[in-house]
Amino acid sequence: MDPMALVTQYNLLQNGPPEESKLATYMKRQNNASPQSSLYSTLSKNYSNLDINQSSVSMKKASIPTVDFVPRNLVSSLNNPDGPSMYAKDKSQPIQAYQKNVNGTTYFYPPDTNGSNQPNGNIFDDPSGYLPMPSVESPTSSLYAQDDLRRDLLHRNALSMASPDSDRWPDLPETIEDYHDVYPLDIYGHSSKILSYSTSTYRATYSKTGEKCCLKRIHGFRLTITKYAPLIEAWKKINHANIVQLKDVFITKAFNDTSLMFIFNYHPDSESLQTRHFNSNETMNGYNDPFSSDPNAPRPYSHTKNAILRHQHSNGLLSENTLWNYAIQLSSALRVIHGSGLALRGLCLNRVLVTGHVNNRARLRINCVAITDILINDMASSNMIGHFQQEDLTDFGKLLLALACRSLIAVHQDNLATSIDLMARSYSSDIRNIIRYLLSTQRRHITELMPMIGARFYTQLDAAQNHSDNLENELSKEMENGRLFRLLVKLGSINERPEFNLDPAWSETGDRYMLKLFRDYLFHQVTEDGRPWLDMSHIVQTLNKLDSGSSDTICLYSRDEKTILVVSYQELKHCLEQSYCEIASVAASDDHIKAE
């Protein structure tokens, strides 16, 4: 016997199962009333009969001669003469169960309620996922997109297609230049503030392409934007996954005033970082809000350690993976902006949109680019790009610190040292170092963050690629469904057509009659006792053979069983295409319409 196996066996006999093992968890739940000495003596007896020389992790079907070390709920069901007999039909027969050995510890899984020997995840309900049970998918799960993905896409599509209420917004224009179907996006119809300007947000459809766009309106803008044309063109050229792309900027009088319109890509079902991670009643006091128009806003007290701790407790800490995910995405966007000779000029929680409900899959997009450059109307800004880029990095550090502390007052200048110390209690030194670097007064560059991120970049890259693979897999399902749907449309257009070309029996003769029998073969089969036979795999497989024109033959019966046809899928496909083309040619014929 392997010496290491002897050591493991001796430790198990002397000290019992490891505290973190599933067997220990199970025995604690089931044997709270049993004496400790009895538990260990039972374990000693049980482990003396186990073969510890098995592989470290193995799964095999085991014939258990005794029930001494089978889980207690399995034993009780066997010893109960009136209990269910799903584990063994006869007491004299050995019990069939699944056995898994992990590092010298053996686990037994009874059969499920259907009598099949499959591991049951309810026996050892371990939230740690140390021994995850295989997930059971429905037979049709490979045919349809995931329910949560379908639900999200349908919800986004509903938001994109929503129509405005004319009674609620009577002054809403029908069109704004080349954009129609205007729909307000501001919550409760209230406008917001950017610097000293009132703003409104709308969703509209671009007439030339049919694309949904987001329109940001600046009320009462009386300046010209001609001098900003090079700057606007530079922002329009930036197309990045973590930036809401600027499409166009123009001045309009559609609202009966002179309004400045910024056109961005539209991303439905998005929210800001502040909305997602902070309480709605928590103010922006202390946070460097670049759009704040009130210079006399009250400032928090310098001694806010307890307040920050209360915010952390009430909001809950973000996981470190989530913080790194956000840091990587935002740093990638800033790298592109700074590399293009531009500056964001005010990175805050309200300017970052989040799309997606799972933090590891959440997509961040920096919103409202180019607005600050035009509204501030600073002609000397072109000579201060380096200074503005340094401010972007400082704002980036404050944003990460606010997320780590889950408090908006944590980034006030008087609270930075305290906030960093509190953050270091819950996160690694790498997070603390990157925030300290961003908040330092030295000359910084966005590319210097890459060595600090290190291998975590590959983790996020792997997650993004896995998510992309998953989406492609879901898309392939819908692509196949669309192909089969087109076949069903053709069949439905031919079968049971009451009249065609003045012939009421057109669908019951010739090739159409063969397709009618095929429809019954596809959908209307019954079992021997007359019950409907529903088999999705039969339908999918048959339609696939029809679409490919397979040479396989099938036997078609009429409902009175007086007509029997043996045809190939290739012949059926020819009949289908020929009959449908006949209908389509008549439907598109102008002469036929005039004759009627």
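Using the three backbone atoms N, Cα and C, a Cβ is placed for every residue, glycine included.
If you look up TrEMBL, you'll see LYS216 marked as ATP binding site. Close to LYS216 (ATP binding site) in the fold, though at least 6 residues off in sequence, lie THR199, SER200, THR201, MET261, PHE262, ILE263, PHE264, CYS368, ILE371, each with a CB less than 8 Å from its CB.
Residues or ranges marked as coiled coil in TrEMBL: 455-493.
The domain 'Pan3 C-terminal knob' annotation in TrEMBL covers 446-582.
Residues or ranges marked as region 'Knob domain' by TrEMBL: 494-596. The average pLDDT computed for the region 'Knob domain' (494-596) is 88.
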Quickly jot the same-chain residues contacting the coiled coil (455-493) by Cβ under 8 Å, restricted to those at least six beyond its ends, or write none.
142-146, 149, 321, 324-325, 328-329, 360-361, 515, 518-519, 540, 543-544, 546-547, 576-577, 580, 583
Please spell out the DSSP helix, strand and coil residue counts for the region 'Knob domain' (494-596).
56 helix, 14 strand, 33 coil
